[in-house]
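A.B. asks: Per TrEMBL, compositional bias 'Low complexity' is recorded for 270-281. Sequence annotations record features per position, and here TrEMBL assigns compositional bias 'Basic and acidic residues' to 282-292. Taken from TrEMBL, the feature domain 'CAAX prenyl protease 2/Lysostaphin resistance protein A-like' covers 111-219. Per TrEMBL, the feature transmembrane segment maps to 36-52, 72-96, 102-120, 141-161, 181-200, 238-259.
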Amino acid sequence: MNWFIGITIVTLASGWIGVGINELLGQPNSVDSLGSLVWLITPFLLVVVARVTKQVSAPGRWNPRFKQSWKWYVLALLVYPVICVLSSVAGVGSGIATFNGVGLSALSGAVAVPFIAMFVKNICEESVWRGFFVGEMDRRVSDWLVYAVSGGVWGLWHLPYYLFFLPEEQMRTVMDVSRPVFALFACGVMVLWGVLFAELFRLAGSIWPLVLLHAVEDVTVNPLVMEGHLVIRPGFEWLISPVVGILPALCLFGLGLALRWYRVNRVCGSETSPRSSSLPRTSDRSEQAAAV
């Protein structure tokens, strides 16, 4: 528990430490700065140290489990593209957005290289947010506390990114508001997304569908808006934007709850038992250490 609390505190502080490093070095805050790198890799390094020193009770769930979990990989691949399509159709159909299409050949070329980079980046992220936070809390606390803590830490960890590292022109392409307002929307949306991520991890019993899900989100949702393919009328971004919009976020939240219902009923036949059978039990420390 002490390690869990310590990792949580240092994770939440890492971005602010990064901002301080940039200030000391006289560097501007940007995604390419040393401070941004400190923010990005600190949580992953903390979890690696905790696992090497056997301070973590839950296995890292590195086994891809393709045979047992293939359907969750398919879901991970499709969720965010479907959300992008629904947001675009809803926006254009209601007259509050326009869609500037892009050819499939151009799209495949534009996505391939960033996808590889995002896939690698999200190995680091998902080993922390789901592999550590959800894994450590599963069977110990209620589902709602799992969602609140794992999603809340995930969102709050991004706070320095939205306030300092994210280029302002990109932010205003998504929503033309102040940085604090943007951060409020973005972090809130992330908490809603976190339910889907947590439940997919529990059902798959592996971090790899989450790495795929997160990477697909990075190369579909953000470019759709930031590169001007979906242009939303000012004042309506909070409603339908796939990046910060409340309606897409509620759709993903609802999907997460549907996955929870499936998991609970599949395991026990009753929604009163919220625990997952996909993740290993935490009672035998020696078995867990061997499984890491």
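Count begins at 1; order follows the chain as displayed.
Glycine residues also receive a Cβ, built from the backbone N, Cα and C atoms like all the rest.
I'm curious about the neighbourhood of these features; can you describe it?
C.D. replies: Per-residue pLDDT, averaged over the domain 'CAAX prenyl protease 2/Lysostaphin resistance protein A-like' (111-219), rounds to 95.
For the transmembrane segment (36-52), the residues of the chain that approach it from at least six positions outside its boundaries are 3, 7, 10-11, 14-15, 17-18, 21, 29-30, 60, 121, 124-125, 127-128, 131-132, 157, 160-161, 165, 292, judged by C-beta separation under 8 angstroms.
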A.B. asks: What same-chain residues lie close to the transmembrane segment (238-259): Cβ under 8 Å, and 6 or more beyond its ends?
C.D. replies: 79-80, 83-84, 86-87, 90-91, 94, 96-97, 174-175, 182, 185-186, 188-189, 192-200, 203, 221-222, 224-226, 230, 232
